[in-house]
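In what follows, a single structure is set out as structure tokens and then discussed.
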Amino acid sequence: MLKFVILLCSIAYVFGAVVPLGMLSQSDGRIVGGVESKIEDFPWQISLQRDGRHYCGGSIYSKNVIITAAHCLRNVVAEELRVRVGSSYWEHGGSLRNISKFQIHESYVEPTKEYDVALLKLDSDLSFNSTIKAIELTNEIPPEYADAIVSGWGETLVPPPGIPDQLRSVDVKIIHREKCASRNFGYGSNIKASMICAYAIGKDSCQGDSGGPLVVNNLLVGVVSWGIDCARPSYPGVYVDVSHVRSLIVSNAESI
């Protein structure tokens, strides 16, 4: 599948076309152009795991609810999933928790990644401390070009191959939906109302970071969703706009 995706990217580049949406959802993600980080600086960060392997990120919303991306939950059941909290390392440390159920946003559209957000319900409550904390949701869209930070685990595009054990983070700038859909960038009408973008030359979230946090001033402003390639010029990372889906997150978290 990976070779097929790379081939599609090459064809798209040569002919100036956009790879079909969903082909490069950032679900097996990596942080590109980032640095090793400690969980104390991102205590809301979790590793979503299946079959003992990290494959998506997420954010702690409350003592028993995690926010992640809807596309991370395709073709899975809750019993297959685990969440590691409180560790800078996806493979060890902290605490590994079971998922009792999950809920995908009712307006999620798989082909376009609209409303690409979901909630996970833990089977027991977390105890908050310096490495395990909830993150507050933003009430509004952050200013254009605001400093933001993305964190997660995954391939770094530099040797050795494979995903790094330690959490990584990268600084990016907020790009509003209207500008992300403009001629300044390559997405056009693929950017929908539920999305926001972030961009920096040579820096990006990528496959495996999906569901993870985009943060401004310690507020969750975005959920890693999709993009064309990773850190590719003119193609910012695309995120769920948390201000756009906040009310439904809050109400569903109370009822899940």
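The backbone N, Cα and C atoms fix where each Cβ goes, glycine too.
Feature list (source: Swiss-Prot):
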type	residues	note
ACT_SITE	His71	active site, charge relay system
ACT_SITE	Asp116	active site, charge relay system
ACT_SITE	Ser210	active site, charge relay system
DISULFID	Cys56-Cys72	disulfide bond
DISULFID	Cys180-Cys197	disulfide bond
DISULFID	Cys206-Cys230	disulfide bond
DOMAIN	31-254	domain 'Peptidase S1'
SIGNAL	1-22	signal peptide
SITE	Asp204	site 'Required for specificity'
*At the Cα level, what's the spacing in Å between Cys180 (disulfide bond) and Asp116 (active site, charge relay system), rounded?*
17
_Across the domain 'Peptidase S1' (31-254), average pLDDT on the 0 to 100 scale_ = 93
*asked:* Through the lens of DSSP with three states only, how would you label Cys72 (disulfide bond)?
replied: helix
*Using Cys72 (disulfide bond) as the reference point, find which of the recorded positions Asp116, Cys197, Ser210 has the shortest Cα-to-Cα distance to it.*
Ser210
*Take the C-alpha atoms of Ser210 (active site, charge relay system) and Cys56 (disulfide bond) and report the distance between them in angstrom, rounded.*
5
*Only counting partners 6 or more residues apart, tell me which same-chain residues put their Cβ under 8 Å from the Cβ of Asp116 (active site, charge relay system).*
Ala69, Ala70, His71, His105, Tyr108, Ser194, Val223, Ser225, Trp226, Val240
*For Cys197 (disulfide bond), write down the residues of its own chain that are at least 6 apart in sequence and whose Cβ falls under 8 Å from its Cβ; none is a fine answer.*
Ile174, Ile175, His176, Arg177, Lys179, Cys180, Phe185, Ile191, Pro236, Gly237, Val238, Tyr239
